[in-house]
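Reading through the structure tokens given below for one structure.
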Amino acid sequence: MSMPGKEDIEIQDFEKGLTHSQSSSSRWEIQQAEKKAVTTEAYSENDEDDQFVGGTAEVTQLSFLSRIAVKLNAETKGIEPVTDEEKTDDSVINAASMWFSANMVIAAYALGTLGPLIFELNFGTCVLVIVFFSILGLLSIAFFSVFGAEFGLRQMILSRFLLGNLTARVFALINVVACVGWAVVNTIASAQLLNMINPGSHQCPPWAGVLIIVGGTVMITFFGYRIIHAYEKWSWVPNFAVFLVIIACLAKNGSFSNGEWTSGPTTAGGVLSFGSAVYGFATGWTTYAADYTVYMPRNMNKYKIFFSLVFGLAFPLFFTMILGAASARATMNNPLWNQYYESDSVGGLTFAILVPESLHGFGQFCCVLLALSTIANNIPNMYTIALSAQATWEPFSKVPRIVWTLLGNGATIAIAIPAYYKFESFMSNFMNSIGYYLAIYTAISLSEHFIYRRGFKGYNIEEWDKWDKLPIGIAGCCALFVGAVGVAVGMCQTYWVGELGRKIGEFGGDIGFELGAGFAFVVYNIIRPLELKYIGR
């Protein structure tokens, strides 16, 4: 996915952030002090990590669950800006490991299998597609993570400055849907794998597998930022170990082959469609990015944040998806593995590699570990869903974060169980659909930041909740609408094939996100100057 305005991204904008005035934050703190609302402190004096809790809430508005959260030292802070006193997370390892663990999971592995099995690409082509489109997708996540440290704003609140107030609320609503969608996709992959263990009377039914994954996710996300980062810092270790075991099994079996190199329009269509799915997965955290760096100090080195996140995203994406592609190629040459795949999709394939004619009991143990890896992938979804819901409409911000988290997990259960039986097509379609809207989001946001705000100095965070100060979002809404038209023309899905998408090869090729981003970029930069001229914001 080509990143609109990519040539405009210059490294000196990070340097601007280092010298950015802190006056906005100071005025915000003064305003809060003047309000003198009766508050309850959600942390203990002796807790070294109390800043991460960061929560003050009006006592009269605390729900029963919020009171429990306060007693358990959980985070109660919502979408309000994080003050400089609360910004004490100075570890870039926390930021990098967040996404390292979230991508070192079975969902990324499953996506890699689509290249050979669905789009009929050989292994070498899959590797090139995975590397290129992953880099294209992850750069926006690393970039917007810098904004969290600089401004202390959640991603959907930051979007009010980048997209306009109304457009940001539309994207916040889309983000709520996306959070549930990603959680569903991830949970299904794990439920399939758990279902393969102990076949017969002791087999784990799909609904039970879903409940196990969702239950684990709830336990971590309840406590908020501090516990989430602590969990993600180490959760990648067992997952990585299991993937190494899979590599050993592939090498021992000898079924892997690169496959024949092909060319022509049909291969090009497969490359574009697989690339669209890879981009959708890689860039899927873009609208979450700043949520996980808001407690990092404003004066922290922006280069370190950016490049640590690039590594933290790139390695697990490359590693897991390429391994998935290799497993798929081996499956095409192994009748037993192919039989398991046909009956139980990626969960069956993973079980076939690890258990029968291989590691048996230990292989089943590895399957359980890999299935539980999804918890690390679902945690960001179920944390960000609360912040996105609160950013959608002011009355929603009064509902505690943990309530939205519980509702999101409930929706995941309701959707994942029936979707379990259509996993492969559902996953491919959903990944592509997510990539479309994120491409439009990135195109508009980069335009606003570099062309109209000209770096980090162009923001006043006092205005985060002021309707009369924030950009209305006329240009953003127009760009979103026209970008959606571009997507419709270029997409290639089972439910819709656009006029241009159908012309690429025998089965079509997906260029929806490229056209969506391009159309949105052009329209935004036509209308935004007019919005500034006649409205002034």
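The chain as shown is numbered from 1 upward.
Backbone N, Cα and C atoms are what each Cβ position is placed from, and that goes for glycine too.
Look at TrEMBL and you will find 1-18 tagged as compositional bias 'Basic and acidic residues'.
Look at TrEMBL and you will find 19-29 tagged as compositional bias 'Polar residues'.
As annotated by TrEMBL, region 'Disordered' applies to 1-33.
The transmembrane segment annotation in TrEMBL covers 98-119 (among others).
Listed by sequence, the residues of this chain that lie at least six past the ends of the transmembrane segment (126-149) yet keep a Cβ under 8 A from its Cβ atoms are 1-3, 6, 9, 14, 17, 87, 95, 99, 112, 115-116, 155, 158, 271, 274-276, 278-286, 288-294, 296-298, 300, 302, 305-307, 309-310, 313-314, 317-318, 321-322, 325, 435, 438, 442, 445-446, 456. Residues or ranges marked as transmembrane segment in TrEMBL: 126-149 (among others).
Residues annotated as transmembrane segment in TrEMBL: 169-194 (among others).
Below 8 angstroms of C-beta separation, residues 49, 52-54, 69, 72-77, 98, 183, 186-188, 190-195, 292, 294-295, 371-372, 374-375, 378-380, 382-383, 401-402, 405-406, 409, 412-413, 416-417, 420 of the same chain, each at least six residues beyond the ends of the transmembrane segment (206-228), sit close to that stretch. The transmembrane segment feature in TrEMBL is assigned to 206-228 (among others).
Marked as transmembrane segment by TrEMBL: 234-251 (among others).
The feature transmembrane segment is assigned by TrEMBL to 305-326 (among others).
Among the features that TrEMBL reports, transmembrane segment is placed at 346-372 (among others).
Within its own chain, the transmembrane segment (402-421) is flanked in space by residues 63, 65-66, 69, 74, 176, 179-180, 183-184, 187-188, 191-192, 206-207, 210-211, 214, 217-218, 221-222, 378, 381-383, 385-386, 389-390, 396, which lie at least six positions past its ends and keep a Cβ under 8 Å from the stretch. Under the heading transmembrane segment, TrEMBL lists 402-421 (among others).
Residues of the same chain lying 6 or more positions beyond the ends of the transmembrane segment (433-452) and with a Cβ under 8 Å from any Cβ of it are 1, 3-6, 8-9, 13, 137, 140, 144, 159, 161-163, 167, 171, 174, 178, 181-182, 276-277, 279-281, 283-284, 286-287, 458, 476, 479-480, 483-484, 487, 491, 493, 512-514, 516-518, 520-521, 524-525, 528, 532. Here TrEMBL flags 433-452 (among others) as transmembrane segment.
Among the features that TrEMBL reports, transmembrane segment is placed at 472-496 (among others).
Annotation comment: TrEMBL describes 508-527 (among others) as transmembrane segment.
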**OP:** With a Cβ cut-off under 8 Å, give me the same-chain residues at least six positions beyond the ends of the transmembrane segment (234-251) that come close to it.
**Re:** 97, 100-101, 104-105, 109, 316, 319-320, 323, 326-327, 330, 350, 353-354, 358-359, 366, 369-370, 373, 375-376
Original post:
Where, among 169-194, 305-326, 346-372, 472-496, 508-527, do we find the most CB pairs under 8 A to the transmembrane segment (98-119)?
Top reply: 305-326
Original post:
Sequence-remote contacts (6 or more beyond its ends) of the transmembrane segment (169-194), Cβ cut-off under 8 Å?
Top reply: 105-107, 110, 156, 159, 163, 204, 206, 208-210, 212-214, 217, 284, 287-288, 344-348, 350-351, 367-368, 370-374, 377-378, 381-382, 384-385, 388-389, 391-393, 408-409, 411-412, 415-416, 419-420, 423, 426-427, 430-431, 434, 437, 441, 477, 480
